[in-house]
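Noted in TrEMBL for the protein shown:
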type     : residues                                : note
BINDING  : W31, S65, F66, E67, C89, V90, I91, F122 : 5-amino-6-(D-ribitylamino)uracil binding site
BINDING  : E94, T95, R136                          : (2S)-2-hydroxy-3-oxobutyl phosphate binding site
ACT_SITE : H97                                     : active site, proton donor
Amino acid sequence: MATTLHNLSDYDFSKVPDASNMCFGIVVSEWNPEITGALLDGTVKTLEKHGTIPENIHIKTVPGSFELVYGAQQMCKNDGFDAVIILGCVIRGETPHFDYICEGVTHGISYLNANQNIPVVFGLLTTNDLQQAKDRSGGRLGNKGDECAIVAIKMAKY
Ligand code: DLZ
């Protein structure tokens with residue numbers, strides 16, 4: 001239940017809950033495997049760093065990012081999961097395909113969040129080129145997978 005905000009100092013925004021009793025599903029896209037593999041690595045390491053045991057991290061692959069929505073929907077049917085994380089990377093090409101995939105996945109995951117009983121965390125990199133993707137999957141701008149793991153832990157049991 002939501003509480004009334006009395007004093008901002010009562011809230012520690014940097015606190016990450018203990019995840020040792022949590023169970024997660026991860027759906028990862030096979031397109032741009034160098035990038036999605038690095039996202040997966042970051043996600044798993046961060047979940048484990050916060051206590052999740054390896055047996056409680058369930059990973060499935062899908063051929064491309066467009067299939068992430070279906071994969072996540074199937075995972076949402078599993079009663080045991082506290083949250084689902086999708087990981088993918090779409091790199092802009094010469095046609096509008098990029099926009100259609102990004103919009104499809106964004107709308108699909110939003111729909112799942114509004115209509116399923118567990119949160120689905122959005123780990124889709126949408127970049128103009130490969131370098132931008134590298135920068136965000138363990139390069140100079142961190143790893144989106146780490147961020148997704150923290151979000152999943154914070155949103156689990158919400
Ligand atoms: C077809 C396609 C293209 C052109 N680019 C990407 C991409 O950059 N990243 C990605 O994850 N998937 C891509 N795909 C595949 C689509 O997501 C999808 O798998 C196919 O359109 C089949 O539904």
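Glycine is no exception: its Cβ is also placed from the backbone N, Cα and C atoms.
Note that this is a predicted model, so its numbers are computed, not measured.
Structural mapping of features recorded in TrEMBL.
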{"residue": "W31", "record": "5-amino-6-(D-ribitylamino)uracil binding site", "Cβ neighbours (10 Å)": "17"}
{"residue": "S65", "record": "5-amino-6-(D-ribitylamino)uracil binding site", "Cβ neighbours (10 Å)": "26"}
{"residue": "F66", "record": "5-amino-6-(D-ribitylamino)uracil binding site", "Cβ neighbours (10 Å)": "19"}
{"residue": "V90", "record": "5-amino-6-(D-ribitylamino)uracil binding site", "Cβ neighbours (10 Å)": "23"}
{"residue": "I91", "record": "5-amino-6-(D-ribitylamino)uracil binding site", "Cβ neighbours (10 Å)": "17"}
{"residue": "E94", "record": "(2S)-2-hydroxy-3-oxobutyl phosphate binding site", "Cβ neighbours (10 Å)": "6"}
{"residue": "T95", "record": "(2S)-2-hydroxy-3-oxobutyl phosphate binding site", "Cβ neighbours (10 Å)": "8"}
{"residue": "H97", "record": "active site, proton donor", "Cβ neighbours (10 Å)": "12"}
{"residue": "F122", "record": "5-amino-6-(D-ribitylamino)uracil binding site", "Cβ neighbours (10 Å)": "19"}
{"residue": "R136", "record": "(2S)-2-hydroxy-3-oxobutyl phosphate binding site", "Cβ neighbours (10 Å)": "21"}
Query raised in the report: Where the criterion is a Cβ under 6 Å from an atom of ligand 1, which of the recorded positions S65, F66, V90, T95, H97, F122 meet it?
Result: S65, F66, V90, H97
Requested in this report: Indicate whether W31 (5-amino-6-(D-ribitylamino)uracil binding site) is helix, strand or coil by DSSP.
Outcome: coil
Report summary line: If you measure between the CA atoms of S65 (5-amino-6-(D-ribitylamino)uracil binding site) and E94 ((2S)-2-hydroxy-3-oxobutyl phosphate binding site) and round to the nearest Å, you get 18
Report task. Sort out the sequence-distant neighbours of E67 (5-amino-6-(D-ribitylamino)uracil binding site) for me: same chain, 6+ apart, CB within less than 8 Å of its CB, listed by position. Result -> S29
Requested in this report: Check V90 (5-amino-6-(D-ribitylamino)uracil binding site) against DSSP and tell me helix, strand or coil, would you?
Outcome: strand
Query raised in the report: By CA distance, which of the recorded positions (E94, T95, H97) lies nearest to F66 (5-amino-6-(D-ribitylamino)uracil binding site)?
Result: H97
Report summary line: Neighbouring CB atoms within 10 angstroms of the CB of C89 (5-amino-6-(D-ribitylamino)uracil binding site), all protein chains considered, total 27
Query - Alpha-carbon distance [V90 (5-amino-6-(D-ribitylamino)uracil binding site); the residue listed as 'active site, proton donor'] in Å - result: 10
Report task. Name the one residue among W31, C89, I91, F122 whose Cα is closest in three-dimensional space to that of R136 ((2S)-2-hydroxy-3-oxobutyl phosphate binding site); these are the binding-site residues. Result -> C89
Report task. Reduce the DSSP letter at E67 (5-amino-6-(D-ribitylamino)uracil binding site) to three states and note it down. Result -> helix
Query raised in the report: Just the number: how many Å between the Cα atoms of E94 ((2S)-2-hydroxy-3-oxobutyl phosphate binding site) and W31 (5-amino-6-(D-ribitylamino)uracil binding site)?
Result: 17
Report summary line: DSSP output for F122 (5-amino-6-(D-ribitylamino)uracil binding site) maps to strand
